[in-house]
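Peer 1: Here you go, one structure.
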Amino acid sequence: MASSDAGDEGRGGGGGAHVVPIHDDAPADEISPFLAEDGDRAPRKMSIFSVSYPNKNRPPKEPIQRAADMEVNLFSHILWVWNGSRYSGVLCMVSASTIYFIMEVLMDNFPAGYSVPLLQTVLMRCTTILIISLVWLRKTEQPIIVPKHIRNLLFVRSLFGFISLMTFIYSVHNLPQSQAVVLNFTTPLIASMGARIILQEKLTISDAVGLTCSFIGLLFIFQPVLITREIPYAVDEPINPNVAKGRGLIYPLLVGIVSSMAGGISYCLIRAGAKASDQPLYTVLSFGILATPLSAIFTFTWQEFVLPNFFTFLLMIVLSILAFFAELSLARGLQLLKVCKSTNILYIKVLISQVCGMTLSGLTPSFNRLIGCFLIFVSVCSTVYTGPEKDKDGG
């Protein structure tokens, strides 16, 4: 037998071992169809009936990467406008003026917003500003309580701001809209004079010339408006039976002047509060804290509450959100620039409205209108060119 023979040979042959080879070729060939070919990376045979499996090594899709890049770029642009350039103050004031213009366009083109009493709209706007300010401070992990060393300052600022708002509403309802607009744009002049007294800011000759040039340009644009009472935004002025005439204009004019004076003082206090706290949002928050309960008292005392429909409510929300960002940009611009320079840039709102009216709304480009736009453009450009360097010394 084979086993006995192998044993005999082992005992007699000096310890040699005989190995019986085992041939695994046949079983391996039988199993190989069931084994994966990952080792040799053999290409798969594909047909129209093959199931395609996702490749885990494939890079992420380009649309997702592009969306992330767009979000990063948008955020970086916002940061650059806020604090990334020496022209950040100018850009913030331009942003505020542009937002105010957008709000005006929305109110002119969607008259459904007038179905709600004006004081109720003010209440909605102040409440929204207060809520957004609190949420913003909480999200940025900043204290929602106004610092003690600026509470009195911001209280006075909020009081003057609310007085300016309420008196402006009265003047708009009792004056021709054109005259109310012109009176409202005297606020930069009063703010610049107030900054010389309150903040001890230097009012240079170039600053005074720039403000005067902008206001003269405003008068050139509104000269036919003051005579014919035509609105320069290519819309008809609504007939208001409460508009005073003759000697009855004296009291509304005085109220309009009070509105401009209170607004100018409010601008000065905004700059002082924003610089003292190093956070312009506190100026917006303090205004919301004071204006919300006061506007609620005036709303429920003087006017009947009207429940708005869905479209009107949506329009009020949009306008309130825009008002928040406009006020925040305004506070930031006043924090970075002198009052005389920052308020001069507010005249760009008139320039934007005129250019859009002549290009989109069919507004007639008259000689007075073109001269007025040119004067405002030159004044704003001079402020942009000389503003950041000069502000370091005078601010």
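Using the three backbone atoms N, Cα and C, a Cβ is placed for every residue, glycine included.
Under the heading domain 'EamA', TrEMBL lists 89-222. Feature annotation from TrEMBL assigns region 'Disordered' to 1-24. The transmembrane segment annotation in TrEMBL covers 87-106, 118-137, 149-172, 178-199, 208-229, 249-269, 281-300, 306-325, 369-387.
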Peer 1: Just give the helix, strand and coil counts over the domain 'EamA' (89-222), going by DSSP.
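Peer 2: Summed over the domain 'EamA' (89-222), the classes give 113 helix, 0 strand, 21 coil.
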Peer 1: Taking the transmembrane segment (281-300) as reference, which of 118-137, 178-199, 249-269, 306-325, 369-387 has the most Cβ pairs under 8 angstroms?
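Peer 2: Comparing 118-137, 178-199, 249-269, 306-325, 369-387 against the transmembrane segment (281-300), the winner is 118-137.
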Peer 1: Take the transmembrane segment (178-199) and find every residue of the same chain, 6 or more past its ends, with a Cβ under 8 Å from one of its Cβ atoms.
Peer 2: 164, 168, 171-172, 207-208, 211, 214-215, 218-219, 222, 225-226, 229-231, 237, 253, 256-257, 259-261, 263-265, 267-269, 271-272, 338-340, 343-344, 346-347, 350
Peer 1: With Cβ distances under 8 Å as the criterion, find the stretch in 87-106, 118-137, 149-172, 249-269, 369-387 that has the most pairs with the transmembrane segment (306-325).
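Peer 2: Ranking 87-106, 118-137, 149-172, 249-269, 369-387 by Cβ pairs under 8 Å to the transmembrane segment (306-325) puts 118-137 first.
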